[in-house]
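So the structure is just underneath, and the comments pick up after that.
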Amino acid sequence: MGRPPDALPLLDIGLFATMSRFIGETIWRAAMSERVHDAVFWRATAALCLVLATSSFMNISAFPLFDHVFTYARDISVLVNAACLVAVALVASFRSSSLDSRVVNIAAIAILAVGSSGIAASFALQSPWLLVVSSCAVSAARGWVSVVVGVSLSRFSIPVIAQIVTLAFLGNCAFGYVAWLFPTSIGLLAFFAAPIAALLLAHSIAKPVFAEVQSSDSPADIAITQPSSFLALGSQLFVCLFFFRVAFGFSLRFGEVNGAPLGDFFSIVPVGVLTIATIASSGKLMKSDLLAQVSVLFVLAGFFAATISAPWAYAASASLLSCGNALFDVVGWVVLAAVGTRNVRASVATIAWGRGVSALGSIVGAAIGVWASAASLTHPVAVQLATGGLVLGFAAYALIGLKNFSFIDTIKGVTKVVDIWSINIEEASRVTLEQACSAIANRVSLTPREREVFEMLARGRDSFYIQERLTVSRNTVKAHVKHIYAKLDIHTHQELLDIVELEMAS
């Protein structure tokens with residue numbers, strides 16, 4: 001069974017082949033020859049490409065088949081995917097010792113195999129309940145796969161991460177055309193097989209990171225005394241991911257044909273240009289903030305095109321929104337992995353939370369897109385007003401919400417965790433340390449309880465020790481640390497130690 005003719009993208013196969021060959025040759029001449037024997041690099045690239053391609057095959061090949069059995073199964077499964085990612089993020093943040101990646105990897109492969117068989121059987125039996133159960137199981141396992149692949153990227157330097165991500169997105173563009181031009185059955189098989197292949201490629205690369213996360217204290221506890229080592233769950237980065245994925249969800253469902261999104265050929269152009277620039281510069285020309293601004297322009301243009309009453313408006317809107325989302329998704333993957341590089345112990349929680357928030361944004365955008373498509377024939381003015389509201393809201397967020405936000409600063413703002421056993425200040429005599437702490441406390445007017453907490457921090461104590469020693473709650477310790485840092489005008493535990501060492505030296 002093939003793609004419906006009216007849903008095929010408008011493209012010239014010869015032009016696509018010529019562009020693909022040009023991009024490939026340019027990338028190879030620029031820098032890829034030096035990585036031809038780097039197996040880990042290519043495994044990580046292939047794994048991320050397969051994760052991205054899974055979404056393409058799902059939206060283009062699998063989801064249209066859901067509509068023949070139970071259309072709401074697609075929305076339920078995406079919601080379960082988001083819930084799984086959020087659950088992983090919370091476990092990694094608050095109970096990281098219970099996160100055994102080996103057990104979860106085995107379970108994920110088994111669930112993907114059984115769930116895929118269940119989805120295929122539900123199509124044959126026309127069984128809604130089997131489709132819902134199987135698709136939800138596959139979506140949950142896919143969520144875990146995306147975390148493993150994202151964590152594997154944190155093993156590389158930031159410039160290398162930029163190269164991996166851009167190459168993976170370029171490969172995903174090619175897979176998108178496979179999904180459009182080949183029979184639906186091939187796309188469905190690829191949807192089943194791609195996440196398993198991605199997990200097999202990435203699990204060994206990510207294994208050391210998961211081991212470190214599991215063996216260390218949970219990020220939520222470490223963040224009490226070292227808040228700058230981890231991104232808060234309400235960080236502006238995650239808000240950005242949510243809003244841009246709203247645009248992505250809208251582009252998938254606005255003007256869809258037979259349950260499939262409108263074909264998009266043009267996103268390969270900005271992605272191809274970005275890939276060439278990134279590879280040619282060995283990843284050093286990846287300007288996250290500039291890319292985000294360019295993606296905002298594409299998204300605004302896409303929403304604006306949706307308000308135009310013309311035959312080409314739906315296709316133009318989908319293409320522009322897809323271009324904007326593709327560029328920002330590149331930024332999102334690079335930034336999430338880069339944060340993990342800066343602090344490995346934060347990588348699992350950061351990537352899982354980021355992808356979970358993105359999935360929630362897709363659900364919201366898809367709901368708006370479905371409503372807009374259904375109402376466009378009966379209430380065109382209402383659709384134009386609603387789309388205009390999206391344009392205004394998105395522009396307001398870009399101008400006001402992102403005014404003082406920088407992706408680069410967000411990455412640099414994450415600091416490495418300072419381990420208790422690496423602190424040299426313990427070598428000092430007790431009297432000298434107490435004198436230094438007392439002098440600093442007097443200078444910044446610390447309260448008696450803050451002085452106690454400050455001295456324990458200066459000795460490298462963690463939040464558990466402080467809670468037990470002072471018989472206070474976790475939130476009380478967190479409040480004291482926040483006040484101490486504010487009075488000292490610092491942001492990290494390392495800065496506190498440096499201040500104390502400097503005082504002792506003087």
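Glycine residues also receive a Cβ, built from the backbone N, Cα and C atoms like all the rest.
What TrEMBL lists as transmembrane segment is 40-66 (among others). Same-chain neighbours of the transmembrane segment (40-66): 3, 73-74, 119, 123, 131, 135, 142, 145-146, 149, 152-153, 155-156, 160, 163-165, 167-169, 171-172, 175-176, 179-180, 184, 186-188, 190-191, 194-195, 197-199, 201-202, 205, 252, 258-261, 333, counting only residues six or more beyond its ends whose CB sits under 8 Å from a CB of the stretch.
Feature annotation from TrEMBL assigns transmembrane segment to 72-91 (among others). Using a Cβ-Cβ cut-off under 8 Å and counting only residues 6 or more beyond its ends in the same chain, the transmembrane segment (72-91) has close neighbours at 63, 66, 98-99, 128, 131-132, 135-136, 138-140, 142-144, 146-147, 233, 348-350, 352-353, 355-357, 359-360, 362-363, 366-367.
Here TrEMBL flags 103-123 (among others) as transmembrane segment.
Remote same-chain residues near the transmembrane segment (129-153) are listed as 44, 47-48, 51, 54, 66, 69-70, 73-74, 76-78, 80-85, 88, 101, 104-105, 107-109, 111-112, 114-119, 121-123, 161, 164-165, 195, 198-199, 202-203, 205-206, 209-210, 333, 336-337, 340, 347-348, 351-352, 354-356, 359 (criterion: CB distance under 8 Å, separation of at least six residues from the stretch ends). The feature transmembrane segment is assigned by TrEMBL to 129-153 (among others).
Taken from TrEMBL, the feature transmembrane segment covers 160-182 (among others).
Positions annotated as transmembrane segment by TrEMBL: 188-210 (among others).
For 230-253 (among others), the entry in TrEMBL reads transmembrane segment.
Summarising the annotation, TrEMBL assigns transmembrane segment to 265-283 (among others).
The transmembrane segment annotation in TrEMBL covers 290-312 (among others).
The feature transmembrane segment is assigned by TrEMBL to 318-340 (among others).
The transmembrane segment annotation in TrEMBL covers 352-375 (among others). The list of residues near the transmembrane segment (352-375) in space but at least 6 beyond its ends in sequence, with Cβ under 8 angstroms from a Cβ of it, reads 75, 78-79, 81-86, 88-89, 92-93, 143, 146-147, 150, 233, 237-238, 241-256, 306, 332, 336, 382-383, 386-387, 390.
Annotated transmembrane segment per TrEMBL: 381-402 (among others), in sequence order.
Feature annotation from TrEMBL assigns domain 'HTH luxR-type' to 439-504.
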Cβ pairs under 8 Å between the transmembrane segment (160-182) and the transmembrane segment (230-253), at least three: no
Non-local residues, at least 6 beyond the ends, that sit with Cβ under 8 Å of the transmembrane segment (318-340): 48, 150-151, 153-154, 156, 158, 161-162, 165-166, 169, 209, 231, 237, 240-241, 244-245, 247-248, 250-251, 254-255, 261-262, 264-267, 269-271, 274, 286, 288, 291-292, 294-299, 301-303, 305, 346-348, 350-351, 354-355, 358, 407, 410-411, 414
Positions on the same chain near the transmembrane segment (230-253), where near means CB under 8 A and six or more residues out: 59, 89, 93, 219, 222-223, 261, 264, 292, 295, 299, 302-303, 317-318, 321-322, 324-325, 328-329, 332, 335-336, 339, 343, 346, 349-350, 353-354, 357-370, 372-373, 390, 394, 397, 401-402, 405, 407, 410, 414
Beyond the flanks of the transmembrane segment (290-312) by at least 6 residues, Cβ under 8 Å: 240, 244, 247, 250-251, 254, 270, 274, 318-325, 327-328, 330-331, 372, 380, 383-384, 387-388, 390-391, 394-395, 398, 402, 407
Folded-back contacts onto the transmembrane segment (188-210), same chain, C-beta under 8 angstroms, at least six residues removed: 40, 43-44, 46-48, 50-51, 53-54, 57-58, 61-62, 65, 99, 101-102, 105, 108-109, 112-113, 116, 119-120, 138, 141-142, 144-145, 148-149, 151-152, 154-155, 175, 178-179, 340, 344, 347-348
